[in-house]
Amino acid sequence: MTAAPQSKPLADPDAKAAPSIVPALRNAFAAALVAFGLCFPIISYHAESNINNELVLVSRWPLSLGIAAVVFLFFFFRQVSPPDWRVWFDRVGAVAAGGMGGALAESAAEGEGTAAPSKARTRFSEWFGPFALGVVILFPLIMLGLLGPNGSLKWINNYGIQIMIYVMLGWGLNIVVGLAGLLDLGYVAFYAVGAYSYALLSTTLGLSFWICLPLAGILAAMWGVILGFPVLRLRGDYLAIVTLAFGEIIRLVLINWVDFTNGYAGISGIPHVTFFGIPFNDEDNGFSAIFHLPFSPIYRTIFLFYLILALALLTNFITLRLRRLPIGRAWEALREDEIACRSLGINTTNTKLTAFALGAMFGGFAGSFFAVRQGFVSPESFTFMESATILAIVVLGGMGSQLGVAIAAAVMIGAPELMRELDWMKKIFGEDFDPTQYRMLLFGAAMVVMMIWKPRGLVSTRSPSIFLKERKAVSGDLVKEGHG
Amino acid sequence: MTGATADAAPLLQLRGVETFYGKIQALKGIDIDVNSGEIVTLIGANGAGKSTTMMTIFGAPRARRGRVVFDGKDITALPTHLIARLSIAQSPEGRRIFPRMTVFENLQMGASINNFAHFDEDLERVFTLFPRLKERAPQRGGTLSGGEQQMLAIARALMSRPRLLMLDEPSLGLAPLVVKQIFEVIADLNKREGLTVFLVEQNAFHALKLAHRGYVMVNGLVTMQGTGAELLARPEVRAAYLEGGH
């Protein structure tokens, strides 16, 4: 029941003793030289803007030399250590390199997302799912009880709602990527369509949220089909590139079609959510007055939390139901083998389009929730980084696993929020230390840890949607990676 | 035209079929007949165009010239999934089972064409034909052995109650004993239920012994045809496909 290490280092008593020092030194020196060479363009010089807003080049030679020294020592000790330790050196090295990669990626792209290494057991869904659901349902009330209306606001809003949005997006994308096996790198486009649908419909036509929600879903689904048609023949890498481009196109249209979307400035003044017509304000007809409660913004936040929870559970419910229907099984079969599907009489065109449309619809729902929660939308919210985060949630969660996706979303979105709580570390590392800047470092490291320990995602077992006598999960470890 | 030995028109008829991969011509005008209740085999060396013939019948790739007629209906331009719904089933080259789905789910996919009508009955039937699959029912398709996967591919095809079963190299990479077992099942199905089978094989000896009639294919052309026994006796066939080691 434990997450067993996949391979144990070979403990070979006859292994040759530590190799001689000279080749180890030579090896380590070469590695340090390479590290220094790599550091030179990236780390040795750093552009900063000074008080006059001019760019000045700051040299950071000691840092580069320090990194080279660390690499030197690391390789030296790796070389002189017994062979069965080297596996661990290599793992540490891989994780460190992954972290560096993540940190470098941030300099090119900005955005949210990190993950702490998380161990998951392979079969905890039976009790863990309902238990987690119970905790999530009670979460706002527990927080409210513990911290009061003011203290709990941050927790319900920044953690609860934020995570639930990504759980929902993850579940929506899971239909496309996890079930139908269509790698979609532009999922945020549908999120954007949903958000702008609500923003524009409510500000121009004055439609209420409950009318806009299905409309946003339909519009997003329509765009899903529009994207689906030209990419029907594509798979894998090619599909990924086209969907990536699609996501960017939507964002660029939102930026440049100023008459319609107000460009970079975005759309503000989006009507807030109401409690089925009762506004959450401090007036006489407001929620607090009607229910004889002291006025507090917390009620709206709690309502938003339950709203997104309901939307996410709807996504989950529909996905689980569909998996048992022929269409759901056709999605999974399509992921496995498209040619076999066709020769079994499955219309792969329709199967793909329904996957795109349904995934997009849930993205659209989440988008209009985003708009009603923020009261403001702008193209900045729909960058590629969002798509990458959602995709990472699906992949880390274990493709096709609903519970895994939920856990991955909680970790990926919750961890960077938690890092904001680490302000006390400034006392140790000085005022310049900003823990949130290390998000990407941890993100990269977590990715590598995952690839080493759980290459098929947190919940890699796929429970069959139908079974003869009893349900029997099939371990993901039984099948090679990449071969299903 | 030659071939039509049975009383009625052939169930499957290929006339002058030419198929191209880009500019390369894989099939150079092929005539094949498969009559109802027959086992017909198509043998030939690697790259002769056997699998292409099979795939062309299924519409992927599509024939550029010529006609494919099934049960009097021209299916040359029909999309693959609609051809399959005319109750032609295929065990494709390389088996192409769904590796992450269980054996049971694989079989269910096969039955989805006729909307799971008489599903339990058909399931019982394929489990009788291949008892091994019953043992493996809750197991993932990808965890089966090669022979079991081939059985699964055939069983999945049978779940749709096809009028024509097309098998592409069912003996590929399997132990002789398993090959024998699979061929026995095919012969049995043909004898008891009158199932029409179109078999593409490299294992010429086994295929010709099993089949009522056979076609020999060389470089995209059918060069010989006749009954299985006739072809087995032909010196050219023996030289090319049998004595060369099989």
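Using the three backbone atoms N, Cα and C, a Cβ is placed for every residue, glycine included.
In TrEMBL this protein carries:
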- A:28-47: transmembrane segment (TRANSMEM)
- A:59-77: transmembrane segment (TRANSMEM)
- A:127-147: transmembrane segment (TRANSMEM)
- A:207-231: transmembrane segment (TRANSMEM)
- A:238-258: transmembrane segment (TRANSMEM)
- A:298-320: transmembrane segment (TRANSMEM)
- A:353-376: transmembrane segment (TRANSMEM)
- A:388-415: transmembrane segment (TRANSMEM)
- A:436-453: transmembrane segment (TRANSMEM)
- [ ] Would you mind listing the long-range same-chain contacts of the transmembrane segment (A:127-147), meaning Cβ under 8 Å and 6+ residues beyond its ends?
- [x] 155-156, 160, 164, 298, 301-302, 305-306, 309, 403, 406
Open item on the list: At a C-beta cut-off of under 8 Å, are there same-chain residues at least 6 beyond the transmembrane segment (A:28-47) that contact it? List them, or none.
Closed with: 55-61, 63-65, 67-69, 71-76, 79, 104
- [ ] Return yes if the transmembrane segment (A:207-231) and the transmembrane segment (A:353-376) have at least 3 CB pairs under 8 Å (sequence gap of 6 or more), otherwise no.
- [x] yes
TODO: Grab the same-chain neighbours of the transmembrane segment (A:238-258) for me: Cβ-Cβ under 8 Å, and only residues 6 or more beyond its ends, written as numbers and ranges.
DONE: 182-189, 192-193, 196, 223, 227, 230-231, 264, 379, 382-384, 387
Task: Long-range Cβ neighbours of the transmembrane segment (A:298-320) (under 8 Å; 6 or more residues past either end) - done: 136-137, 139-140, 144, 149-150, 152-153, 156-157, 160-161, 164-165, 167-168, 171-172, 174-175, 179, 272-273, 275, 280, 287-288, 328, 358, 362, 365-366, 369, 372-373, 402
